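The next block holds one structure in the form of structure tokens; read it before the comments.
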Amino acid sequence: MPVQTAVVVLAAGAGTRMRSKTPKVLHTLGGRTMLAHSLHAAAEVDPAHLVTVVGHDKERVGAAVGALETELGRPITVAVQEEQNGTGHAVECGLSALPADFRGTVLVTAADVPLLDGHTLHALVDEHRSEPTPAAVTVLTFTAPEPTGYGRIVRLPHDGEIAEIVEEADATEEQAAITEVNAGVYAFDAEFLRTALGQLNANNAQGELYLTDVVKIARASGAPVFAAHLSDSAKVAGANDRVQLSRLAAELNRRTVENWMRAGVTVVDPSTTWIDVGVTLGRDVTIHPGVQLLGTTTVGEDAVIGPDTTLTDVSVGDGASVVRTHGSESTIGAGATVGPFSYLRPGTVLGASGKLGAFVETKNADIGAHSKVPHLTYVGDATIGEYSNIGASSVFVNYDGVAKSRTVVGSHVRTGSDTMFVAPVQVGDGAYTGAGTVLRFDVPPGALAVSGGKQRNIDGWVQRNRPGTPAAEAASAAGPHHSSDLHETEKQDLKDGIEQ
């Protein structure tokens with residue numbers, strides 16, 4: 001029977017150096033919380049049991065774990081460390097959440113090392129089981145030129161094997177000079193770990209139960225202790241404050257961008273491009289400077305994104321072009337063009353080969369294939385059919401002060417500039433509207449809708465009502481000009497109406 005693996009993720013710390021109301025492990029980078037990064041990596045080991053130890057703000061962190069259960073599609077047990085009494089105590093809490101008869105490998109990792117990946121955890125487990133007699137403990141180590149803050153790996157002089165891990169606060173001057181340090185990631189034999197945890201004591205500078213003391217206990221009992229040395233130290237770098245978090249975010253992004261370039265994506269300026277780990281890109285995508293692709297955004301093959309574009313949870317079809325656009329929770333069809341300066345709000349669906357042009361804002365809008373909204377338009381709560389064109393400066397008036405209503409525009413519709421669609425209203429297939437039309441009623445298919453009366457001019461209105469202004473002086477200098485004659489009553493009616 002294959003040896004089973006259980007993973008215990010430590011997420012109980014307060015993270016006071018973050019100086020935040022948000023628990024440290026719930027701070028984000030690359031579109032995921034540090035906790036999510038750790039649990040994703042743990043899930044790649046395909047453990048029989050996955051446990052997260054929570055403590056500080058346990059309700060909030062526990063809720064985040066619950067959400068990740070759904071995301072990962074596997075159960076995650078939450079163990080509570082009520083009193084923060086060191087890493088040894090935290091692991092004891094996690095171990096108590098495992099079945100009492102569990103006899104496999106216990107992998108222990110931390111929730112604040114977001115670059116640690118499943119490949120590294122697999123390698124640690126393989127090293128732990130590599131000998132005919134499996135190790136009691138296998139420690140992941142790395143070399144740190146500046147080892148401040150890390151536990152030092154003390155090796156035996158005669159064979160170079162690990163003798164103990166000494167925490168910095170307890171290290172002698174000679175031990176403090178050691179540059180091989182503890183990464184805080186371990187593989188344990190479950191039976192040995194249960195026994196060793198019962199032998200821990202708090203006789204140290206911190207007055208806590210150190211998990212690292214388990215190594216010394218193993219050595220004293222003659223149990224095998226292995227080490228797996230990691231050359232890529234960034235994978236186990238922690239984030240204790242926001243400065244460290246920002247550095248890790250930049251490093252994670254650098255790796256993500258480079259991975260996509262190696263996979264066939266052109267990134268013109270990697271230094272100004274940010275791509276979350278949940279993003280998916282097709283081959284031959286081109287990303288111009290100043291682009292942020294966030295959340296679960298997907299971009300199809302041959303699409304061109306940017307410059308200066310932010311897309312969050314947006315699906316972009318093959319061959320589409322998106323320029324200087326801000327979009328979220330939207331769909332852009334294959335071959336469509338968006339921008340510059342477009343704003344796609346949640347619920348926007350742009351069909352294949354459609355167009356949203358300069359200074360167009362959309363929300364809850366379904367715009368059919370080959371339809372165009374070229375410029376200066378708001379489309380909210382609307383359905384537009386195929387091959388339609390919405391004139392410049394049009395507004396879909398979707399809110400009456402109490403509730404929102406929907407506008408439906410058919411296919412092959414042409415609307416003039418400055419058309420107002422006062423919802424709820426429907427425009428039939430093939431209909432036209434004149435410029436400046438206010439649509440308050442449905443338009444039948446093939447009809448031309450025009451609102452407003454005949455233009456009428458009131459001669460001399462500016463000179464009479466705005467005397468002394470530059471406009472009045474300019475009008476007087478232009479000389480007398482008379483519009484078509486109006487009945488005196490009409491003139492007075494117009495004069496009164498405008499002056500009101």
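Backbone N, Cα and C atoms are what each Cβ position is placed from, and that goes for glycine too.
Model, not experiment: these values are computed from the prediction.
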Candidate from ALA431, ALA435 that Swiss-Prot assigns to the same acetyl-CoA site as ALA392, ASN398, TYR399, SER417: ALA435
Rounded inter-Cα distance in Å - GLY151 (UDP-N-acetyl-alpha-D-glucosamine binding site), ASN398 (acetyl-CoA binding site): 62
Integer Cα-Cα distance in angstrom, TYR399 (acetyl-CoA binding site) to HIS375 (active site, proton acceptor): 21
Binding-site residues: TYR378, TYR399 - member with fewest neighbouring CB atoms within 10 Å: TYR399
Span of ALA392, ASN398, TYR399, SER417, ALA435 around acetyl-CoA - largest C-alpha separation, Å: 22
Three-state secondary structure, which DSSP defines for GLY86 (UDP-N-acetyl-alpha-D-glucosamine binding site): coil
Euclidean distance between Cα atoms of ASN240 (Mg(2+) binding site) and ALA435 (acetyl-CoA binding site), Å: 60
